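Positions annotated as beta-D-galactose binding site by TrEMBL: 81, 82, 176, 177, 178, 243. Annotation source TrEMBL lists active site, proton donor at 176. Summarising the annotation, TrEMBL assigns active site, proton acceptor to 307.
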C-alpha cells in the first residue's frame with residue numbers, strides 16, 4: 001500500500017493561492033506532486049544497490065515552476081503538443097489559439113493547464129486534481145471539466161485523465177516529465193537503452209508539425225522496436241535527437257508502449273497506456289541555463305520524455321485518431337509508469 005502526505009509547497013504571487021505538495025510513498029517509490037499544473041516535482045527510485053535517486057528534472061522551490069521553463073513534470077492541455085498555425089475549424093467555425101512555439105500553438109497555449117492551480121482531493125493511495133476550464137480559455141470552445149488522478153501501487157505510478165465538455169472541443173492530455181534514470185542532474189541520457197513498441201512514426205516539417213504521412217519505422221532511425229543505446233544510435237544515424245510521435249497499436253485497452261533501461265544503476269522504466277501515440281523527446285531544447293534541484297543544470301539531452309497522447313495536430317488531420325470530445329461523452333485515458341531494477 002502507498003501512504004499519502006500533504007504539505008504546503010509555496011504561495012503564488014499577489015495572493016493567487018497556496019500550492020500544496022502531495023507525497024505518495026510505497027516500499028519502492030516516492031513521488032512528489034504539486035497542485036500547480038498537477039506537476040511531478042520529484043520521483044525517487046532505488047537502484048540495484050537499494051540506493052534511491054530522484055529521476056525527474058525539476059525545481060526544489062515553487063519559483064522555479066513559475067518562471068519560463070519547459071513544462072517540467074506538468075500536465076499539459078487542453079491540447080498537448082502542437083496545433084499547426086494555432087488554428088482549426090470545427091462545425092464550420094474557425095478557432096484561433098495563441099501562437100507560442102514558432103508559428104504554432106503548443107501545449108494548450110500561453111496559459112495552459114500547466115500554469116493553473118488545481119483543486120486537490122486526497123485518496124487512500126494517491127491524489128486527484130480537478131478544475132474547470134472555462135469556455136473560450138486560450139481560444140478553445142466549450143467549458144471542460146477535468147480530473148487528473150495519480151495513484152501509486154508498489155513500483156507503478158498510474159495517471160488517469162478524465163474530461164467532460166459542454167461543447168465539442170479537441171482534448172489531448174499528457175504528463176510532461178523529463179526522466180534521467182541515472183538521477184536528475186546527470187549530464188546526459190546517452191547511456192540509456194530505449195525500446196518503443198511502434199511500427200510507424202509521424203515525419204514532421206521544420207516547425208515540428210506532422211506532414212500527414214504515417215511512415216514505417218523499418219530501416220530508419222525511428223526503428224526502436226529492439227533496444228538501442230541512445231548515444232550510439234544518435235551518432236550512427238547522425239541525428240540531433242528525437243521530438244516525434246510514435247504510432248502505437250490503436251487499442252483502447254492498456255498496451256505496452258516503451259521501455260528504458262539504465263545499465264549503470266539497473267533502473268528500468270516501462271510505460272503502458274491506452275493512448276494511440278507517444279511523443280519521444282530527448283530534451284534537445286534544454287540548454288543548461290535553468291538551475292534545478294540540488295544546483296543541477298540541465299544541458300541538451302539531459303532528460304527524456306515519453307508523453308503518451310493522441311497524435312499532434314490531429315484536429316487538422318482527419319486521418320489521425322479522433323481528438324474531439326463531444327457533449328455527453330467522456331475523455332478517459334490512463335498511463336502507467338512502472339519502475340523496476342534489472
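Note: Cβ is positioned from N, Cα and C throughout, glycine not excepted.
Note that TrEMBL annotation is computational and uncurated.
Across the fold, the C-alpha of residue 178 (beta-D-galactose binding site) and the C-alpha of residue 307 (active site, proton acceptor) stand 9 Å from each other. The number of other CB atoms found within 10 A of the CB of residue 177 (beta-D-galactose binding site), across every protein chain shown, is 26. Residue 307 (active site, proton acceptor) is 6 Å away from residue 176 (beta-D-galactose binding site) when you measure Cα to Cα.
Other Cβ atoms within 10 Å of the Cβ of residue 81 (beta-D-galactose binding site) number 27 in total over all chains. Ranking the binding-site residues 82, 176 by C-beta neighbours within 10 Å puts 82 at the top. When the neighbouring Cβ atoms lying within 10 Å are counted for each of the recorded positions (243, 307), the highest count belongs to 307. Around the Cβ of residue 178 (beta-D-galactose binding site), a 10 Å sphere holds 26 further Cβ atoms from the protein chains shown. Rounded to a whole number, the C-alpha distance linking the residue listed as 'active site, proton acceptor' with residue 177 (beta-D-galactose binding site) is 8 angstrom.
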